[in-house]
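What follows is a set of notes on a single structure, which appears directly below.
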Amino acid sequence: MRDLQARIIHELNVRATIDPAAEVVERVDFLVRYVRAAGASGFVLGVSGGQDSSLAGRLCQLAVERLAEQGVAAEFIAVRLPYAVQNDEDDAQLALSFIRPERTVAVNIQRGVEGVGNEYRDALGEDMTDFAKGNVKARVRMVAQYAIAGQRRLLVVGTDHAAEAVTGFYTKYGDGGADLLPLSGLSKRQGRALLQHLGAPARLYEKAPTADLLDQSPGQTDEANLGLRYSDIDDFLEGKDVAEKVAIAIEARYLATEHKRRVPASMFDDWWTGGGFGR
C-alpha cells in the first residue's frame, strides 16, 4: 500500500470491510447520542433522490424512532430543495417513500439563487459563471436547511462520505456544511451495501451519482466531473491496489482540497503551508 494511501485511509476512518447491519446500528446510535448531547430537537436533511441522501435520511428516521422508544420527543424534517423543476423528481419521491420521514417540506431555491445572481451582476457588472452559480445553488440549499434548523432547534445532517471527502467533491459551506455526518468513513460501495441491507429500491443506489448543479451540463455525473470512477476510489480507500495514475490522481485531489476538510485557517495553523488548496 502507498504511504499516502495508508495515511488517507487512517484520516478518513475507512474500514476495508464492513458488516452492513452493524454499521446501521452504530450510525443510528451515533445520531441518537449526538442529538441528546447537543440538546437539539431532531434533524433536518435535504433529500435529492440519490444514494447518499437516501441513506442518511433513513438513518435519521430510524434515529428519531429510537429516540421515541427512549421517551425523547424528536422530529426529522426531510427537505426537498429543487432549483425550478428537478428533472429526476420521480427519484426524489422514491427516496422519500423509502425514508418515510415524519415530515417533508419543499423549498424551491430558484428565486434565492437568481436573487444572488442579480445582485452580483449589479455589483460587479458581469454574470456569474455557470460553475460559480452551481456553488451558489449548493450554498442556498444549506442556508434553507439552517433556517429550518435554527427555527426548530434541529441539527443539519450532511451526506459527505469517504469517497467524497478524499476528492473534496462537494461545495465548501454548501453541501459540505453540516452539523454531523452519519456517513463519514464509508466508501461509495459500502454506502450502497447499507442501502441494500435496509431494503432500499435498487434505483436509489444504481443510478449514476450526480450533483446536478450546472445549467449548461444538466445531469453531469460525478465520475465525468472527477475524471475518476467510484469503483477505483473505493478500491483506493479500502486499501486495495489501483493503477498508479489513478492513485496519483486521487492523492492529488486529496492534497489540493485539504482546506475543505479544515475549519477556517488562522495564523496559529500550519496545515496550509504544505499546500491544500484547490477548487
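Quick reminder: no glycine exception, Cβ is built from N, Cα and C everywhere.
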Per Swiss-Prot, member of THR17, THR171, THR210 binding ATP alongside GLY46, VAL47, SER48, GLY49, GLY50, GLN51, ASP52, SER53, THR159, LYS188: THR210
CB within-chain contacts under 8 A for GLY50 (ATP binding site), separation at least 6: ASP91, ALA95, LEU204, LYS207, PRO209, THR210
Recorded ATP binding residues, GLY46, VAL47, SER48, GLY49, GLY50, GLN51, ASP52, SER53, THR159, LYS188, THR210 - maximal Cα separation rounded to whole Å: 19
Neighbour-count leader, CB within 10 A, binding-site residues: THR159, THR210: THR159
